[in-house]
Every structure is written in C-alpha cells, then in structure tokens.
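Visitor: Handing you this structure, nothing more for now.
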Amino acid sequence: MKVSLSFLLTILIVIITIKVNLSQEIKISPFFANNLKFEPIPDYIEYDSDSDAGEALFLSNYLDDHKTAKQKSCVDIGAPFQSCDKLLEIDSNLRDTEDFFTFTGFITVNETYNSNTFFWFLESQNGDKNSPLVIFLQGGPGGASTFSLFVETGPYELLDNFTLVQREITWNSEFAMLYIDNPVGTGFSFTDSQEGYSNNEDEIATNLYTFLQQFYKLYPEYYTNELYITGESYAGKYIPAFSYHIIQQNQNSNNPNINLKGIAIGDGLCDPITQVTQYANLAFYTGLADLQQQEVMFEYQDKIVEAINQEQWSVANDLFTDLINGPPDYFQNITGESDYYDIRKTVEPTYGGDFTAFLNQSSIRAMIHVGNNYFQNNNDVYIHLEQDIPKSVKQLFPTILDNIKVILYNGQFDFIVGPSLTETMIRTIEWEGIQPFLESPKIIWKIPSDNVDVAGFVRQWNSFTQVVVRQAGHMVPLDQPARAFDMIDRFINNEPFPSG
C-alpha cells in the first residue's frame with residue numbers, strides 16, 4: 001500500500017500538536033492544579049453546551065442604577081434562595097428585607113482590553129444584612145473560585161447526575177459569600193487581549209480593587225459590612241497583595257474607606273524561597289523518602305533557592321516541576337503517589353460531579369448571565385504569571401498584621417503546602433510581633449459538636465492566628481467541613497478556640 005508524503009506530514013503535524021497541547025495542559029497550575037479529577041458526564045445527561053445562552057450581563061453599565069443591576073443580576077437557582085420575582089417587591093435597598101438572594105454577572109476591570117471579571121454573590125442565609133462579606137479566591141494561578149462554591153464552602157453540592165443539593169455545612173449559612181473568578185482569564189472571567197492578562201500580583205490586586213469598588217456601587221448595602229478576604233493555595237499570593245493594596249488605598253484620603261477586617265489563607269504559597277526548603281524533611285519524616293532520596297530532594301531545593309536568588313524565575317519553575325509538579329517528577333517516582341494534596345492518598349480523588357461541564361450547559365450559562373462565554377481552565381493565565389510564581393509576598397505581612405487580623409491554616413496531611421512550609425515562612429516574617437507570637441503556647445482545639453476528637457492545634461497572639469487542622473489535606477473545607485467552618489466562624493467573630 002502506498003502512503004503519500006503529504007499524508008505522513010499530516011500525521012506528523014497532528015502528533016506534534018498533541019504533544020504540545022499535552023505539555024501545555026501539564027503546566028496549567030503548579031500549586032493548585034485545575035486537573036482535579038471528576039466523574040465523566042453520565043450518558044443520560046443531555047449536554048447542551050453549544051446552544052445559545054443569550055446575552056452576557058455587564059454590570060459596569062449599571063453603576064448609577066443599582067436597583068436595575070440587582071434585578072438583572074439576580075439568579076433563580078432555587079432553595080434556599082428567594083425567587084427573583086420577590087426582589088421586584090423591594091424598592092431598592094436589600095436591607096429592607098430579611099429574604100436573601102444570589103447574584104451573578106461581569107464587572108469590567110479594564111475597558112481598554114475589555115477585561116471582565118465574573119462573580120457569584122450569595123447573601124447570607126441567616127437573613128442578617130449586617131453579616132460580614134467574605135470574599136473567596138481560589139489558587140492556581142488559574143483556579144476558579146466557583147470550584148469552592150460547588151466543592152468546598154458554598155451552599156450547593158453538585159451530584160454526578162447534574163443535580164444540585166444543599167450542602168449541610170456551608171460558610172454561606174452565616175456569611176455573605178462573594179466568589180470571584182480571578183485573575184482575568186480564569187473560569188468565566190475573560191479579556192479580549194493578551195495585554196489584559198495579569199503579569200504580577202500588583203496587577204491582580206489593582207484589578208481586584210477596581211472590581212470591589214464597582215461591586216459596592218452595585219450592592220451599596222454591603223459597603224459598611226465587615227470585609228474578609230479568604231482563599232487557599234496559590235491565593236496565598238493573591239490575598240496578601242489584595243489586602244495590602246486595600247490598606248494602602250484606605251490611607252489615601254481621596255479614596256472611600258473599605259471596611260477590611262481580616263484575611264484567611266489556607267495552605268497558602270506565600271514565600272516560595274523559604275517554603276520550598278521543607279519538602280525533603282517533610283518527605284523523610286513522613287516515611288515517604290529514605291535518607292538517600294532525602295539528599296536528592298535537598299539538592300533540588302538548593303537549586304530552586306539558588307535560581308530564585310538569581311532571579312532565574314523560569315529555571316526555578318522548571319526545577320519545581322521536576323521535583324514535585326510533574327508527572328513525571330521525583331516525588332511521584334519515589335513514592336508512587338500522584339496526590340500531593342494529601343499524603344494519605346495515592347491518586348487524586350474523583351469528585352461526585354463535573355462542575356465545569358455543569359456550568360457550561362447553555363441553560364446554566366443563561367441562568368447565571370454569562371451568555372455565550374464558557375468556563376475554562378485558561379493556560380494563558382499561567383503563562384503570563386509564570387515569571388511571578390517564585391516571587392514572595394512575605395514582605396507585605398508586617399503592614400497587613402499591623403492593620404487587620406490574619407489567620408494562616410493548614411491541613412495536617414497536605415504535602416504541597418503543608419504545615420511545616422507555613423511554619424517556616426512565619427518564622428522569617430520581619431514583624432515586631434513575631435517573637436511574642438512564636439512564644440505563645442499551642443493549644444489543643446476541639447469543636448462543640450465533637451468534644452472527643454481533637455480538631456487541630458492553634459497558636460494565637462493579638463491579630464495573628466495559626467491553625468493546623470487534623471485529618472485534612474490541601475483543601476481543608478472539603479476534608480473537614482465542620483472544623484473549617486468552626487475555625488472561620490471563630491476567627492471572624494473574635495471567639496476563642498475551645499481547648500480540650
């Protein structure tokens with residue numbers, strides 16, 4: 001059989017294209033990989049992602065008409081939230097009712113590049129309009145906060161038949177929750193230009209601040225409420241940068257004061273140059289590596305630190321990938337484990353529903369006002385931030401700690417950003433309160449609903465709290481929802497952690 005040269009060239013091009021695409025997918029998210037596994041779409045689900053989903057809602061067009069903005073952005077998602085028809089009965093102020101609603105839409109953060117940030121805002125289910133406003137930011141870079149809404153902290157859990165059920169334990173039961181797909185290009189957030197993507201934490205913080213200023217104009221009832229910024233993993237970079245930017249802007253008398261009270265970072269990458277030095281010891285003392293393998297990991301760590309010190313950012317990223325963020329990588333080769341989110345598990349777990357496929361249904365996209373925009377894991381987000389990943393935000397903590405409350409928490413069994421990585425970073429913060437904090441006793445923490453089992457360990461001094469949550473991995477609210485809620489509730493409400 002004769003095979004033409006053009007046919008062979010075509011096959012070769014296809015193979016090369018596939019390899020390139022696969023290599024790009026592997027690089028999407030080094031610290032919060034968006035390749036978390038989900039069940040495939042069941043055969044009996046009619047997947048209608050290609051159908052028209054109507055017009056997207058750009059709320060920046062309604063900054064002078066917040067009544068219309070609320071009516072247009074309201075989502076009829078069902079219990080426990082009120083029907084949007086009931087919103088029409090309210091004159092304009094959400095504080096006029098104890099009913100609670102949920103809202104979605106886009107806010108334009110850069111008109112030049114048509115950069116638009118998607119959000120999902122859920123009023124507190126307790127009906128108290130004075131409830132703190134809690135922003136949740138996912139990691140990545142490129143992890144959508146919608147993940148937490150459906151998998152960790154939000155009021156809904158997605159089953160594998162595309163059915164939403166109410167989550168038994170949700171942060172939304174006591175707090176107004178604002179999930180932001182950040183940075184631009186993540187999830188439903190998008191930009192029309194490569195110039196619209198963020199290249200560093202300053203640009204991300206500026207976009208988030210622009211977003212928040214407009215959010216308060218659209219939902220002015222929440223402007224005076226206490227604000228907390230929370231998140232996990234690579235959001236350990238976003239949250240300090242964003243909160244520091246707010247503090248700086250608050251000190252400018254020309255800007256309206258934002259009532260920021262605290263930040264909460266779970267298993268956060270904040271200072272790569274110190275945190276990366278802990279992998280060899282962590283692997284050895286948990287029995288995952290022997291002495292010889294520990295030495296190899298020490299060599300990797302030293303090379304990463306050297307690359308960071310020399311500002312060779314791409315080299316540092318590549319070395320990190322070789323050490324732990326493949327596959328293939330050294331960690332997986334010596335342990336046989338691919339789940340660095342939880343050392344108790346060999347492979348990443350499969351979650352009960354594919355929230356990406358669920359959100360991309362045309363009926364859902366129409367309901368949440370995104371139109372024909374699609375939820376995506378955008379590799380461009382990572383590419384633009386690649387040079388910023390090894391850089392630190394630790395230098396921002398002294399100013400933050402002098403102005404607001406801070407809680408840093410870790411899951412006991414997380415490997416990628418485990419407790420020892422956070423502890424090492426904390427000990428190098430140049431803050432006047434760091435020594436009394438380190439000298440404060442660690443207490444054993446138990447929650448009222450389970451006064452037998454130890455929930456975790458807490459160290460606290462003035463505005464600074466550190467928590468290790470027992471029996472949890474990288475995603476604490478998923479692994480230990482009751483403990484995570486008790487922790488965040490006590491932190492926000494200034495309640496002491498009960499000891500055993």
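From the backbone N, Cα and C atoms, a Cβ is placed for every residue, glycine too.
Take a look at what Swiss-Prot says about it:
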- Ser233: active site (ACT_SITE)
- Asp414: active site (ACT_SITE)
- His474: active site (ACT_SITE)
- Asn110: N-linked glycosylation site (CARBOHYD)
- Asn161: N-linked glycosylation site (CARBOHYD)
- Asn333: N-linked glycosylation site (CARBOHYD)
- Asn360: N-linked glycosylation site (CARBOHYD)
- 1-23: signal peptide (SIGNAL)
Visitor: Looking at the recorded positions Asn110, Ser233, Asn333, Asn360, Asp414, which one has the fewest other Cβ atoms within 10 Å of its own Cβ?
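Guide: Among the recorded positions Asn110, Ser233, Asn333, Asn360, Asp414, the lowest count of other Cβ atoms within 10 Å belongs to Asn333.
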Visitor: Express the distance between the Cα positions of Asn161 (N-linked glycosylation site) and Asp414 (active site) as a whole number of Å.
Guide: 30
Visitor: May I ask for the distance between Asn110 (N-linked glycosylation site) and Ser233 (active site), taken between their Cα atoms and rounded to an integer number of Å?
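Guide: It is 26 Å, counting Cα to Cα.
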Visitor: Hey, does DSSP put Asn110 (N-linked glycosylation site) in a helix, a strand, or just coil?
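Guide: Looking at the DSSP assignment, Asn110 (N-linked glycosylation site) belongs to a strand.
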Visitor: Residues with Cβ closer than 8 Å to the Cβ of His474 (active site), same chain and 6+ apart in sequence?
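Guide: The list for His474 (active site) reads Glu232, Ser233, Asp267, Tyr340, Tyr341, Asp342, Gly411, Asp414, Phe415, Ile416, Val417, given in order along the sequence.
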Visitor: Around the C-beta of Asn161 (N-linked glycosylation site), how many further C-beta atoms are within 10 angstroms, looking at every protein chain?
Guide: 12
Visitor: Let me know the DSSP-derived helix, strand or coil state of Asn333 (N-linked glycosylation site), please.
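Guide: Helix, per DSSP.
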Visitor: Work out how many Å separate Asn360 (N-linked glycosylation site) and Asn333 (N-linked glycosylation site) at their Cα atoms, rounded off.
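Guide: Computed Cα spacing between Asn360 (N-linked glycosylation site) and Asn333 (N-linked glycosylation site) is 36 Å.
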